[in-house]
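**Q** Handing you this structure, nothing more for now.
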Amino acid sequence: MKTLLDKLYIENDLSERELALLLQNMDSESEKQLFEYSSMLKTKHYGKSVYMRGLIEFTNFCKQDCLYCGIRRSNSNAERYRLSKEEILRCCEEGHVLGYRTFVLQGGEDSHYDDSKIIDLIKLIKSNFPDSAVTLSIGEKSFESYKSYYDAGADRYLLRHETASKRLYEQLHPGMSFENRINCLKNLKKIGFQTGAGFMVGLPGQTNEDLAKDLVFLKEVKPEMVGIGPYIPHPNTPIGKNSGGSLEKTLIMLALARLLLPDVLLPSTTALGTIDPLGREKALNAGANVVMPNLSPTNMRKKYELYADKICTGDEAAHCRKCIEGRINRAGFEVDMSRGDHPSKQA
Ligand code: SF4
């Protein structure tokens, strides 16, 4: 395995078959080597910096019915909420005072927030906080909608592909098409967004070959950001009784993503902190370099429960900022409050 790892480190590329083989035969020694390589590449491109993004979960209404998601439309137990424009701006204001220079607006696919409302929101945030980046994470839209958000000033868009296996994708996303998902990602790149793809680890029925496909897919699309998190079952979903993804496998996938796309922006996700108290720190050591503390109002946070037992739902924004900064420092890294654009998009 050492030869394959060395090849990956030097060439930043492996075939799908080689990646599957690597995953199949990963032992503790190879893991150690993998994390050394991924740390070295992260340090080469970003030093000790960890970028902070302020996350605002502004609506948990969603017209989609993804089988793993706690806010899927068929979950009648989900308590629905929407933040008003004023509430969203207040979250940005509070975040800006705390030093955040990226706001991530995340929500379900909620038709209440039509294009004109989203455009209005982007323009307001950009005019109130001109030194800040706006990231959207609001699902599948037409090329024209994406373009109108970009023209209004949005800088980045997150749309995880969730899995690059068409078979798994279509099992998990009733009424949605794998081709459309891929097309959306291609459109976002074409328009000029710093684009985030990404996937879940440990989905029911997911094989090492499927995960190798995810990595090859990343290499093909070349997203500026990659979100990789463990699948965590939510009890009020049709697949909620399955077991979830492991910390170890998720860390391996993060490290492999760093080796394939050395300068990618790679979040250490809250989901990792949920399955292991030190999951986020371990992700930073495996190659991640972004964290996304929550700026949403505390009384709404529990309601945005994509998966079970999500952490940090009761903490004020200022507390989150301090807590995560302490964790980052203790792990040997430094908080960077700048916009943190991808190197290819820096002015
Ligand atoms: S994963 Fe996203 S699109 Fe699917 S139900 Fe949940 S919020 Fe909606």
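Note: Cβ is positioned from N, Cα and C throughout, glycine not excepted.
TrEMBL feature annotations, pasted as is:
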{"type": "DOMAIN", "residues": "44-263", "note": "domain 'Radical SAM core'"}
{"type": "BINDING", "residues": "CYS62, CYS66, CYS69", "note": "[4Fe-4S] cluster binding site"}
{"type": "BINDING", "residues": "SER137", "note": "(3R)-3-methyl-D-ornithine binding site"}
{"type": "BINDING", "residues": "GLU162, ARG181", "note": "S-adenosyl-L-methionine binding site"}
**Q** Quick one: give me the count of other CB atoms within 10 A of the CB of SER137 ((3R)-3-methyl-D-ornithine binding site).
**A** 19
**Q** Nearest to CYS69 ([4Fe-4S] cluster binding site) by Cα, among SER137, GLU162, ARG181 (binding-site residues)?
**A** GLU162
**Q** State the Cα to Cα distance, in Å, between CYS62 ([4Fe-4S] cluster binding site) and the residue listed as '(3R)-3-methyl-D-ornithine binding site', rounded to an integer.
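**A** If we compare the Cα positions of CYS62 ([4Fe-4S] cluster binding site) and the residue listed as '(3R)-3-methyl-D-ornithine binding site', the gap is 13 Å.
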**Q** Beyond CYS62, CYS66, CYS69, what residues of that chain have CB atoms within 8 A of the centre of the [4Fe-4S] cluster site's CB atoms?
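**A** Nearby residues not in the site list: GLN64, ASP65, TYR68, GLY70, ILE71, ARG72, ARG73, GLY108, LEU306.
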**Q** How many neighbouring Cβ atoms, not counting its own, are there within 10 Å of the Cβ of CYS62 ([4Fe-4S] cluster binding site)?
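**A** Taking every protein chain into account, the count is 22.
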**Q** If you count CB neighbours within 10 Å, which one among the binding-site residues CYS66, CYS69 has the smallest count?
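**A** Output over binding-site residues CYS66, CYS69: least Cβ neighbours within 10 Å is CYS66.
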**Q** Would you mind reading off the Cα separation of the residue listed as '(3R)-3-methyl-D-ornithine binding site' from CYS66 ([4Fe-4S] cluster binding site), to the nearest angstrom?
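**A** Roughly 16 Å, rounded to the nearest whole number.
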**Q** Can you work out the mean pLDDT of the predicted model over the domain 'Radical SAM core' (44-263)?
**A** 98
**Q** What Cα-Cα separation, expressed in whole Å, is found between GLU162 (S-adenosyl-L-methionine binding site) and CYS66 ([4Fe-4S] cluster binding site)?
**A** 11
**Q** Taking only the Cα atoms, work out how far CYS66 ([4Fe-4S] cluster binding site) lies from ARG181 (S-adenosyl-L-methionine binding site), in Å, as a whole number.
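**A** Cα to Cα, CYS66 ([4Fe-4S] cluster binding site) and ARG181 (S-adenosyl-L-methionine binding site) are separated by 13 Å.
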**Q** Near ligand 1, which of the binding-site residues CYS66, SER137, ARG181 have CB less than 6 Å from any of its atoms?
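**A** Passing the 6 Å Cβ check against ligand 1: CYS66.
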**Q** Same-chain residues six or more away whose CB lies under 8 A from the CB of ARG181 (S-adenosyl-L-methionine binding site)?
**A** GLU140, LEU159, HIS161, GLU162, TYR169, HIS173
**Q** Validating a neighbour-count step here. Other CB atoms within 10 A of the CB of GLU162 (S-adenosyl-L-methionine binding site): how many?
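**A** I get 24 for this one.
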